[in-house]
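*Asks:* Below is one structure. I have some questions about it.
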Amino acid sequence: MSSLYTLRAAAQYDRRLESKKGSGWVEHKLERKGERGNTHYCSEFDISKGAKILQLVQIGNTEVGRTFLEGNRFVRANIFEIIRKTMVGRLGYDFESELWVCRNCDKTSEKYFKKCDCGETYYYSERNLMRTMNDLMYQFDMTPSEINSVDLEYLANAVDYAEQLVKRSQVPEPVELAMMEPIVASGEGILMVSEPEVMPVTTKVEEAWTIQIGEIPVPLVVIKETPVISGVEGTLNSTGFSLEADITKLVEKEILQEEVKEAVHLALEVGNEIAEKKPELKLIPYWSASLELHKRIRKHKEHAKIAAIQVQKEREKDQKVFSALELRLNLKSRRRNQAVVCDKRGTLKWETQRGHKKSKLMQQASDFVVTQIHCDFGCKTQYSEPHIPGIKQSTSKKICKPRKHSRIVGNSKINYIMKNLCDTIIERGIPVELVTKRCKRRILQKEGRSYVQLRHMNGIRARQDVSSSPDMELLFTQFCKFLVGHKPLKSKNLTFGSSGLIFKPKFADNVGRYFGDYFVVRGRLGGKLFDGRSKLARSVYAKMDQYNDVAEKFWLGFNRAFLRHRKPTDHTCTSDMDVTMCGEVAALATIILFPCHKITCNTCMSKVKGRVIDEVGEDLNCELERLRETLSAYGGSFGHVSTLLDQLNRVLNARNMNDGAFKEIAKKIDEKKESPWTHMTTINNTLYKGSLATGYEFERASNSLREIVRWHLKRTESIKAGSVESFRNKRSGKAHFNPALTCDNQLDKNGNFLWGERQYHAKRFFANYFEKIDHSKGYEYYSQRQNPNGIRKIAIGNLVFSTNLERFRQQMVEHHIDQGPITRECIALRNNNYVHVCSCVTLDDGTPATSELKTPTKNHIVLGNSGDPKYVDLPTLESDSMYIAKKGYCYMNIFLAMLINIPENEAKDFTKRVRDLVGSKLGEWPTMLDVATCANQLVVFHPDAANAELPQILVDHRQKTMHVIDSFGSVDSGYHILKANTVNQLIQFARDPLDSEMKHYIVGGEFDPTTNCLHQLIRVIYKPHELRSLLRNEPYLIVIALMSPSVLLTLFNSGAVEHALNYWIKRDQDVVEVIVLVEQLCRKVTLARTILEQFNEIRQNARDLHELMDRNNKPWISYDRSLELLSVYANSQLTDEGLLKQGFSTLDPRLREAVEKNLRHSFAGRMACVKFVSKVALKVLCVQITTVFFRVFKAKRARRFKNCIRLLTEILCTRGRKSVPTASQGWG
């Protein structure tokens, strides 16, 4: 069977290796490579062409055969590829439907499948191919040589035979009237016939078997089948027929039918033999698949009968032999009462059976009295088997007869000595040395062969590899007759390791000249063997391959060093691994660790020695990746080698390749020499070195990291929750994904958003809260967005720009408004945790992210707070008109942006709710708290608006305002940016508890009147009646006075604090407690000498006031403002205290002094006004007194009195300081 297929390499690379290393080497590789499930494994079997043709005949049809014969080589190759897969995988193929078919469950597929759902597997394997070949040999009854001889002519004949199928004649028969009786089974199994019913029945058309002899079809016997009768229910009364007789007749008919079929096939075979043996008759032999199958089955039955007869004869023969032996040994009687027993060791042997105790039944009887006990102590005679003596089976004693030895005389003595000496040498493996007058030759024994010690085995290259002389050759030839003899050896099998081998060459061997009858192997050149005793030219022995066993020397040194230097073991070592595989793995490890072409080459070793550590790691990684697949092919037995090499690779290649990070860190640290920068530099340098760093450098890096951890821990402990210094709120680098703007159903062909029905309902926004821009007024008319607290300039004027580049750049210049650093006002807290979406955006270093110039657009709404802005067309019915939010309604842009995410069927309800619920409640200039609350209410009705994207919201901390940016942009820049980007995030302003000052900012306008509380207090501080009314309405304005020590002391000295205490002592105890603390603080501030000391007293006592006020919640506006002021003072005190401990100073004292000086100038202005008004009032009073005096007194005294009044007036107005009535004089 091996001649029907061969194993060949499918890859061209393996085929080239086959030409170099031989077919045996490739077969060994393919055996290791051929695993189950390898889909390319089938192409590695070169199957005989005849076998593939027979497989095609078996599974194909006439159309496939005709296509194969008439097709080109590509068609034949495709069909042969299918045939090969069916033979190697045993998966069926249907050529009509061109589908692969499972043999078990009829599953079909267009592609070859290796595993079916029913559990059958169709992997490519040599076992499947051998089974297919066996089936072909059995079905076609051919030998492997006959299958190899099958060619295309056989296929062509098979196709012709199939096309000329047996003609079958059909014999029609008319419709007959059959007697149909209903049949029922009686209880006794007898068929009874009742009244018959006549029904028409059509008999089946029978086919006649024919034999085609030449062109004459010969009909055979027509086989009639029993017609199928469908009966009707009824009873059978006839007793004329029995069931057994009918069944017997049916069986006989079936047997007769089988015999007729067999006779037909035999007749066909006879006809074919006649057509083959009588060519003169010109008869065409008959061929069909059924005939071939019947022929194979018939031969199989004959072979099976013959084999069964032979097996039966052998059984009878063996039975007779064992029966005779048993009878002769009398085993039946000897094994009586014995059985085969298996002992503990598993040995089967005969043993006597043990008697079983028989149970006895107690007879039940009535109770009676025992009067006598009788015992018979006699013993019965025990039965013993007679001893049958066995047959003597001992062997006879061997008697050695003395042998006579013939006397050795003459040369036979030397031969006798040599023979015995050689036998001893071969038996014990003893080396022997032949010595003549001027020559020596050493012969060694190895693996049952004799070898001569040659010079090249010791590394010496010479013309003659061993010394020679005539006497030595005579002795050598005579000695080799007994030492070597005539052991067969093929010279072509000699290779490396055969140096010095002694053998007797044959006549046809390709060998060089040699002396005597024996040849001493030295090497080979050009396929020719050379003797070690021959003198060769330098050109010959320099090029020849000397068959020295280098591996033996290598393993000799390896074994000697390994045994000498290995450590003692704690267990008993066993040989579990293949030595050959150990050598292969050792070679791979050598190549990976020391990449070279030859391990004995000094140049290769010099290159390996001259490598630096980086080159060693790179070479190791490269070689390991190249040979990893080969190393993994040896399985888990050598997993320790792969693990060690991988660990070594990780250690040597643990280098830091991130040069960019190293340079950036070094650049940012620059030349800073103070801690912790020096520690960071040490760690950065050590990390960059990677595995090249020494142990000392790693120790230094660990110490530096410990110092950094200490520094950071100390810094972290100094930062508490809610502090400004630790706040970071970076803006997201990715733009928000708004699904409403990316839905294809809501975009036009240009990708713009389609409002649909929302556009019609959006008119409620534009009619109530937007105004149309009048172009006749010019864009500059709308460029100033004025609010009650300030002005913001928008960039609507930049819609008209100059084509001059210089002027256009001037138009793009922004107006920067400094908002200061991040303060407590920028941060929102909830349970002492940051609420980032309700806070201002910061950069990486904690500085605020400020707005830039916003360029204008026409008829758009601008969305997005992170990434690039998104421009959506306004839902206006007039495309040429431009709309801008009315004064105080900039926040309507938020609800207009929410309309984008509202479904069209809800747009009407949404716009109505905005108009009736939001617009009516918020009005102009609402706070962010109210806007967020209304947005939360709308989300309850319209959940789709929760993810709506907001326009950018800018925060103006100076004006306590939030600006909602529309499409007209902003020229003013420098505003802080609110991080909230969606409606869900904006709603966080309306959820308590939230500690945020920005929630009270107005959206697009003026802040609460409390923003000017201090200035309002300064305006009425010299107006007793107005100050009395203000402190009764807003008692916590006294706490606001802590912003300026001058204002605080003025209130205290004027008696306003005492008056407020007397007023509120009967009305609110919480307010009284706060006023009492403020009065005590005023006494402490009075003792302070400088402004800095006064501020320190206020800030040190701010926390106590804050804790006292934080216990309650008061309805006054000044309460929230004073609470926030105290919180700022308390936090700034903690921050400055930490900085002062670290040795840093702040600019806050200088700032406070400057502000206080400014407030004192305001006080001076107020005081000047009061003095001026007092002077005028005094002069008017004096004039009135003079007039009255002139009327009452005499005229002569009027002049004198007038001078006295003028002098008194001058004294009071210019010098008298107590002439002006103070505020304290007005409280009564």
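Please read every residue number as a count from 1 along the shown chain.
Note that Cβ sites are derived from N, Cα and C of the backbone, with glycine treated the same way.
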*Asks:* Looking at 366-369, 598-601, 1186-1189, which one does Swiss-Prot call motif 'Involved in interaction with stylet and aphid transmission'?
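*Replies:* Of the candidate stretches, Swiss-Prot labels 598-601 as motif 'Involved in interaction with stylet and aphid transmission'.
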*Asks:* In the domain 'Peptidase S30' (408-547), how many residues does DSSP assign to helix, to strand and to coil?
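*Replies:* DSSP classes over the domain 'Peptidase S30' (408-547) add up to 42 helix, 32 strand, 66 coil.
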*Asks:* Between CYS890 (active site, for helper component proteinase activity) and ASP465 (active site, for P1 proteinase activity), how far is it from one CA atom to the other, in Å?
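*Replies:* A Cα-Cα distance of 110 Å.
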*Asks:* Could you measure between ASP465 (active site, for P1 proteinase activity) and HIS456 (active site, for P1 proteinase activity) for me? Cα positions, answer in whole angstrom.
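*Replies:* Their Cα atoms are separated by 7 Å.
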*Asks:* Using DSSP, how many residues in the domain 'Peptidase C6' (882-1004) fall into helix, strand and coil?
*Replies:* 59 helix, 23 strand, 41 coil
*Asks:* In whole Å, how far is HIS456 (active site, for P1 proteinase activity) from HIS963 (active site, for helper component proteinase activity) when you measure between their Cα atoms?
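*Replies:* Computed Cα spacing between HIS963 (active site, for helper component proteinase activity) and HIS456 (active site, for P1 proteinase activity) is 99 Å.
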*Asks:* Taking helix as H, G and I and strand as E and B in DSSP, count the residues of the motif 'Involved in interaction with stylet and aphid transmission' (598-601) in helix, strand and coil.
*Replies:* 0 helix, 0 strand, 4 coil
*Asks:* How long is the line from the C-alpha of HIS456 (active site, for P1 proteinase activity) to the C-alpha of SER499 (active site, for P1 proteinase activity), rounded to the nearest angstrom?
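*Replies:* The separation of the Cα atoms works out to 9 Å.
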*Asks:* For SER499 (active site, for P1 proteinase activity), just count the other CB atoms lying within 10 A of its CB, please.
*Replies:* 23
*Asks:* Around the Cβ of ASP465 (active site, for P1 proteinase activity), how many other Cβ atoms lie within 10 Å? Please give the count over every shown protein chain.
*Replies:* 29
*Asks:* Ranking the active-site residues HIS456, HIS963 by other Cβ atoms within 10 Å, which is at the bottom?
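*Replies:* Selected from the active-site residues HIS456, HIS963 on minimum Cβ neighbours within 10 Å: HIS456.
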